[in-house]
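As recorded in TrEMBL:
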- 28-52: domain 'Zinc finger LSD1-type' (DOMAIN)
- 67-91: domain 'Zinc finger LSD1-type' (DOMAIN)
- 105-129: domain 'Zinc finger LSD1-type' (DOMAIN)
């Protein structure tokens, strides 16, 4: 009796990114490495730690900040007011570009970022406190009191 031949199994197909090469990026939920992925993917598997990170829905605008506790790059959905670091659990304030201003440190000239309304900002490099804004100086306050 003849034995029926089974068809050869089809080899697994490799995913090919879109022809126009559009990619996006996100931070791995496991090891915090920056991952690149093709637009349209719903999740990304990290090659370093094998953690699977969900991709935010299309059209979601993402922003980045550096954690004030451990200096890890954090990505979050734009518009959030605070972001908790998954590494050190520090809660970081997330400010939009129109809520912050810049000034050079009065000592080492490092560019510093501060929240609008602040009267001074302390440099993380040299610890010098730079006065900012149009607030009245201490000498004028003393004179007027």
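In case you wondered, yes, glycine gets a Cβ from its N, Cα and C as well.
Predicted automatically and left uncurated, TrEMBL annotations should be read as such.
A Cβ distance under 8 Å defines the sequence-distant neighbours of the domain 'Zinc finger LSD1-type' (67-91), meaning residues of its chain 6+ beyond its ends; these are 26-27, 29, 32, 34, 56, 60-61. According to DSSP, the secondary structure content of the domain 'Zinc finger LSD1-type' (105-129) in residues is 0 helix, 9 strand, 16 coil. Over the domain 'Zinc finger LSD1-type' (28-52), the average per-residue pLDDT in this prediction is 90.
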